[in-house]
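**Q** The structure that follows is given in the form of structure tokens.
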Amino acid sequence: MAEAIKVPTMAEFMAQGKSPEVLFWVGCAGSFDDRAKKITKAFVKLLAKAGVEFAVLGTEESCTGDPAKRAGNEFLFQMQAVTNIEVLNGYEVKKIVTACPHCFNTIANEYPGLGGTYEVLHHTQFLKSLISEGRLTVEGGKYKGKRITFHDPCYLARANRIYEAPRDLLAKLEVELVEMKRCKTNGFCCGAGGAQMFKEPEPGNKDVNIERTEQALETKPDIIAAGCPFCNTMMTDGIKNKEKESEIEVLDIAEMIAAAEDL
Amino acid sequence: MEYLPNILFILALAAGVGFFVINCRKLIRNIKLGRDENHSDNKPQRFKNMAKIALGQYKMVRRPVSGIIHVLVYLGFIIINIEVLEIIIDGIFGTHRIFSFLGGFYDFLIAVFEIFALLVLVGVIIFWIRRNVLHIKRFLNKELKGWPKLDANLILYFEVVLMLLFLTMNAADLSLQLRGADHYAQASGVVGSFPVSQFIVPLFENMDTASVILIERAAWWIHILGILVFLNYLYYSKHLHILLAFPNTYFARLKPQGEFDNLEAVTNEVKLMMDPDADPYAMPAEEESDEVPAKFGASEATDLSWAQLLNAYTCTECGRCTSECPAHQTGKKLSPRRIMMATRDRIEDIGKNIDANKGEFKEDGKQLLDDYITREELWACTTCNACVEACPVGINPLSIIMDMRQYLVMEQSAAPSDLNNAMTNIENNAAPWPFNQMDRANWINEI
């Protein structure tokens, strides 16, 4: 991009007495993890291209509390939730978009009971709406005709019944979508959920991400598409474990759209 | 003496039903040992779910082979039970086929019963082969060793015997009607239509009428007594699902699967902590002082809600949950089915303890955590909800795992050390990793 993209914070909007169209909730992975940061940047480029007036919380954002809650630490979860809700309500946030299904699920389903009610969208849903409103155009470009399998994040597909939006975006990219046996609400976990991301697995005969990677490889894909930074990490590790990283990429749908548009 | 069979029948019926009522009461008492929880909102949706999932079996047919056979056996069970009504009335009043006044419709009914009896017979035999001959993984898990496997087979044998008795009874009855035997033959000719059992009739051709009557009576009596025994076997068996699937689907959660309940006791604490006007040295209000401090999470079956205990009694150990579980499929110890079986075992043991000690639970040095469900199982869960999605009767094994994790973390601080690190990080720098919150927006400058 010729000119640098400006990512304003809510504080900056507030200082100007304005409020953005949507708050982009970046999440911990999207903020700190090198791989996930690429997804964040790709999504921001798409927002800028579509002319969306968006903002982030920046240093005022903190963990939604999802991993704490799934680990069983309800106390820490609610401390995090109440803190975040106070910030969000302080800025009178109405609409939130996030690229992390865990943040999505927590804010959409578990914050309302604690006083935080917002319209929450997964980034694939938001991108889909931008396209249908004509604010963003997508053509196949470099992905046209490629064999792609989509790994459904549990907290998106099964937990919240969202599995059409990512597939609609892939259709816009004119890819050849090949489904795994276990997909949509019947999808198979990548192994990161329930705070497993942050601990060693229990003893077994295989890691969950290796099993899921094998299921994905059965479809002989050129690319494994993902919609969650944690799934992305797990599938990327699985592909490395199978020594297929030179042949098969693991990409977030936002990254694919941004790359197709040469952003 | 003339009325002896009627009296014996009424006594048997009263004993069978009476014992069943006693067991139902015990079952309800045990379920009510669970924590109170409100599942009465949105009744129209609840009825819809019950109609769709329990009555309509729509989740069963997601696996077409076992699903369709199950639907046949289930339909057979329900439809043939209409015939049991006639058997009971005949038994009480000593009548012969009391509903035969329905004429052509009666013929139709009996024909339908017979066809379903045959289908059930075939279905049950296929089920037996699937369980005992084919190596279907979910039937080979170690939690099914011993009693659960025997239980499953006993149910199948029961059904085979009942169906064979039903058909034998009909065949003998038809044979007696054809020979014009007293009490059996009716002026209007043969009553009932027997598309299946007519093929058994030739076996009786060379027997004298008294022998055929003996066979008919024996089949009739053993069939109805068998049904009464089976009714009372339910409480001791995984087969309770034929009754409990209905309330269980009615009371099942309606929220999105990803939404885990927020603990109210914690919310109150957190609100107090966040309230700048709260007096940290305040004495608890008078009315609160008698209350037992809330226990966070569950270490015992009675810490679970009644709905979770209903789940445990409803489980029919089909193992669809376990076969979908990513932890189980990769060789971890966790099996969601075992979580349900262990919970039922524990609440049953508590119930027996209460019965043995005149209505008071006597400490037995055991609890659900560690003695029935291990920590290793609990920590293997990815909370992916595959088990919840897979269950054909709306059981939620994940909610029990989560409640027990809450106990481990909040009451015992016994999380795996990696998780403790992640949680400390969240507390200190608002992310599960050890990064400074002030660096959270650094990516902005990297675009």
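Think of each number as a place in line: the chain as shown, counted from 1.
Quick reminder: no glycine exception, Cβ is built from N, Cα and C everywhere.
All TrEMBL annotations are machine predictions without curation.
In case it helps, TrEMBL gives these features for our protein:
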DOMAIN    B:306-337  domain '4Fe-4S ferredoxin-type'
DOMAIN    B:371-401  domain '4Fe-4S ferredoxin-type'
TRANSMEM  B:6-24  transmembrane segment
TRANSMEM  B:67-88  transmembrane segment
TRANSMEM  B:108-129  transmembrane segment
TRANSMEM  B:150-169  transmembrane segment
TRANSMEM  B:218-236  transmembrane segment
**Q** Give me the stretch from B:6-24, B:108-129, B:150-169 with the greatest number of Cβ pairs under 8 Å to the transmembrane segment (B:218-236).
**A** B:6-24
**Q** What residues in the same chain, six or more past the boundaries of the transmembrane segment (B:6-24), come closer than 8 Å to it by Cβ-Cβ distance?
**A** 88, 91-94, 224-225, 228-229, 231-232, 234-235
**Q** Per DSSP, how many helix, strand and coil residues does the domain '4Fe-4S ferredoxin-type' (B:371-401) have?
**A** 16 helix, 1 strand, 14 coil
